[in-house]
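Visitor: My questions all concern the structure below.
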Amino acid sequence: MSKPDTKKLVLNSSFDEMEERLGPYVEKLKQWTGVTEEDSSRIMLTLSEAVNNAIIHGNNENPDKKVVVLSTLDKENRVLTISVEDQGEGFDPEEIPDPLKEENLLNEGGRGVYLIKQYADDLQFSKGGSKATITFELGS
């Protein structure tokens, strides 16, 4: 059994830096994993949402705090796992309001996590909510 390959990206909590560096990172992931354009789009959308949440909710837009993205590829099983970790205090994912409930339709909160759950194959939170681990089962 071979050791999984990893790629790492460390960002300051800055939307400008996120916009500048996230696209090229996902492009490198696409080349590295050989994913389809559809999978690449799913990865970009979910990663954008996760990093955005880490900057806003985790690090409170403090540019001195970092967001660490670590991608691990299990080539044998064609599974890409991406963790996004901020330096915030974390949160309880159970307290995220369901954005599809009528009373929440106009709220801004909860949509990012909802989108990630829709486009990824799995989403788990750890470290008190300051780390999101997103899993993609890749096509062959």
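Placed from the backbone N, Cα and C atoms, the Cβ positions cover glycine too.
Automated prediction, rather than curation, is the source of TrEMBL annotations.
Just lifted these from TrEMBL, have a look:
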DOMAIN    27-135  domain 'Histidine kinase/HSP90-like ATPase'
Visitor: With helix taken as DSSP H, G or I, strand as E or B and everything else coil, how many residues of the domain 'Histidine kinase/HSP90-like ATPase' (27-135) land in each class?
Guide: 47 helix, 26 strand, 36 coil
Visitor: Quick one: average pLDDT across the domain 'Histidine kinase/HSP90-like ATPase' (27-135), no decimals.
Guide: 88
